Amino acid sequence: MNLTLKKFQVHPFHLVAPSPWPILVSFSVMSIMLTLVFNMHGFMHNNYWVVFSAIVAIMTMALWFRDIISEATYLGDHTLAVRKGLNIGFILFVVSELFFFIAIFWAFFHSAMAPTIELGGVWPPVGIEAIGPSELPLLNTILLLCSGATLTWSHHALLGGNRFNTLLGLILTIALAVTFMICQYMEYSNAPFTISDGIFGSVFYFGTGFHGLHIIIGIIMLGVSLWRIYTYQLTNNHHVGYETSILYYHFVDVVWLFLYIVFYWWGT
């Protein structure tokens, strides 16, 4: 805790100063969704505004993260009580994400377990050639499981004070996650159906695409953690950002296992 806080503050909590970043991030994310919907429905004939909104969102989030890192690393605002609150808040965030994916699985099971006459009374629907569980989906599963293992290795190395293994494990994790996204892109490019092909295509692409978005976010979070470990900002007893990144990535790993079993194996 810095000298100013010790002199004037009698509680361990961080009183956040006014910041422009939350409202700017909110508006930029809203702009992404609106321009994306308008583009999908033909009201916009290019992706320029979608890309612009995404760039603004990334820039404002980066500036917001910069302020948080400064508060945690240099200003001493993240006391034990604050770190406990951050961990609890992030766990609640992961729970909210869990319910989001539950809704996606619910939509899939609702249609798959009682296919209507419009679908031909079968699942997958008539005319849909589903993607099987072998080849790319199986490779993606192996990649994510390996990345989860290397991430756990990196975390244990950090706890043990082994800086080299910490960085190596984190680099391997990011490389495996990027490879997963490349394979996912290849799968989408060669898929025999699109997001417009009825409920099967809609739920499949929404579920796997939303998971892919979480992988991208996880890569960014792990990349920031890699930079902070490399610059000696995180230690073996103070690395809340890295711990939350690990929790997030393992959650995404588990979600993929359910996606693989339900969408690629049982659902086909």
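In case you wondered, yes, glycine gets a Cβ from its N, Cα and C as well.
Copied from Swiss-Prot, the annotated features are:
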type: TRANSMEM; residues: 23-43; note: transmembrane segment
type: TRANSMEM; residues: 49-69; note: transmembrane segment
type: TRANSMEM; residues: 88-108; note: transmembrane segment
type: TRANSMEM; residues: 141-161; note: transmembrane segment
type: TRANSMEM; residues: 166-186; note: transmembrane segment
type: TRANSMEM; residues: 203-223; note: transmembrane segment
type: TRANSMEM; residues: 246-266; note: transmembrane segment
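Per-stretch counts of Cβ pairs under 8 Å to the transmembrane segment (203-223) identify 246-266 as the leading one among 49-69, 141-161, 246-266. Here the transmembrane segment (141-161) has Cβ contacts under 8 Å with residues 167-170, 172-173, 176-177, 179-180, 183, 222, 229, 234, 236, 239, 242-243, 246, 249-250, 252-253, 256-257, 260 of the same chain, all six or more residues outside its ends.
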